[in-house]
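S.K.: If you scroll down you'll find the structure; I have some questions about it.
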Amino acid sequence: SVGFKAGVKEYKLTYYTPEYQTKDTDILAAFRVTPQPGVPPEEAGAAVAAESSTGTWTTVWTDGLTSLDRYKGRCYRIERVVGEKDQYIAYVAYPLDLFEEGSVTNMFTSIVGNVFGFKALRALRLEDLRIPPAYIKTFQGPPHGIQVERDKLNKYGRPLLGCTIKPKLGLSAKNYGRAVYECLRGGLDFTKDDENVNSQPFMRWRDRFLFCAEALYKAQAETGEIKGHYLNATAGTCEEMIKRAVFARELGVPIVMHDYLTGGFTANTSLAHYCRDNGLLLHIHRAMHAVIDRQKNHGMHFRVLAKALRMSGGDHIHAGTVVGKLEGERDITLGFVDLLRDDFVEQDRSRGIYFTQDWVSLPGVLPVASGGIHVWHMPALTEIFGDDSVLQFGGGTLGHPWGNAPGAVANRVALEACVKARNEGRDLAQEGNEIIREACKWSPELAAACEVWKEIVFNFAAVDVLDK
């Protein structure tokens, strides 16, 4: 006998190992598994471990040419999801040798690859990953990080303010640049290309870059503050993307932008490396994330996409608002905001954090709150996100009845009032509206904004909530 027996055997015989002691070098994954009727949870968890590592559907001759014990993924724990009849959390450990160094692309190709189409599973969601320090050290991470960005901008002790230029599509480059200038002159730190502004017939990228650079230099000269506009370098090829980033650097602007999910992790990591080498900050938009992360039983939670972005590289990333028009429960949002900013984050299931994560000094990422927010939200945003964040008001700036610059003034006054009140010991959560009303007395721009948006709310329950 050669020790080979053809045929199909249950995954759990090889890949379900409840006695396994995880190693410090393992990548750990928490999957929400919904097995098909009749499939035991142990078999489903083992199938996930197998199909995302060394396994296939049948025994093969070449298994004997390597050490499966060294390379296989292992399902080492399964727990039932509270309040759900047929959902389980399957914990899987992957040996580090399965993954190419410095490649988010390779990591995801294994862990969230073909296994998500596996017939024995009705649904599968990756809830969290523990990335070991040994693997993190193979990544550059964010081009600069929070402290270096503050030093570059010379801005401390408050959140940064931004605005997405609207309408997002259709403006000529010159009119677009005019809107940028008005917002920056009014007191914002940044303006932003919308995620789908690339290089369309109505506004080619080079023209936009030139007019926006002119706008921010003019605003800098008038205000004495350093200003930025997120020039979207996202393109159809990596080569074109880098060409646009090179032109931005030649113009001397401080920051460029990338749509990291539609652009892809390979392109994003290349751009992050270019940005560090050339002194550019990198703003990241998460367009397409809700396709992946919004359903509670299938896909991938945004906290995983956030960790992947910190590894791939970005200085800012959109992270929901809690109070605006886009999905995001407070505890869950603050959980992944900490994973973006902090160096060490403890396991905390009450905030959706399944594993303790040590980032071993990888630079942090500023979370960007954007989507349906306005001046009345300023106290809540300041209280929820703290100083190390970017608060981005698109319609909440450009929708001001007096124009773009007064809209920017209103936001800056509201922010300064909230920061001052907080520093004096006032409770933003309880006294927020009163603080804004007091500031209105000496800012007619803020008073006008408060009148326009006094009744705007987005009262819809979040889809992705914690298991109770």
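Placement of Cβ uses the backbone N, Cα and C atoms for every residue, glycine included.
It should be emphasised that the depicted structure is a prediction, and the values quoted were computed from it without experimental measurement.
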S.K.: Determine which of SER67, SER361, SER370 appears in Swiss-Prot for the same substrate site as ASN114, THR164, LYS168, ARG286, HIS318.
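M.R.: Record check against Swiss-Prot: substrate site with ASN114, THR164, LYS168, ARG286, HIS318, extra candidate from SER67, SER361, SER370 is SER370.
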S.K.: Is LYS166 (active site, proton acceptor) helix, strand or coil when read with DSSP?
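M.R.: LYS166 (active site, proton acceptor) sits in coil per DSSP, no helix or strand.
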S.K.: Which of the recorded positions listed here (LYS166, LYS192, ASP194, GLU195) have a Cα atom within 10 Å of the Cα of SER370 (substrate binding site)?
M.R.: none
S.K.: Compare the Cα of LYS192 (Mg(2+) binding site) against each of the binding-site residues ASN114, THR164, LYS168, ARG286 and report the nearest.
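M.R.: Nearest in space to LYS192 (Mg(2+) binding site), counting only the binding-site residues, is THR164.
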S.K.: Checking the contact step here: among the binding-site residues LYS168, ASP194, GLU195, HIS318, which have a Cα within 10 Å of the Cα of HIS285 (active site, proton acceptor)?
M.R.: ASP194, GLU195, HIS318
S.K.: Measuring CB to CB from HIS318 (substrate binding site), give everything in the same chain under 8 Å that is also at least six residues away in sequence.
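M.R.: Correct list: ILE284, HIS285, ARG286, PRO367, VAL368, SER370, GLY371.
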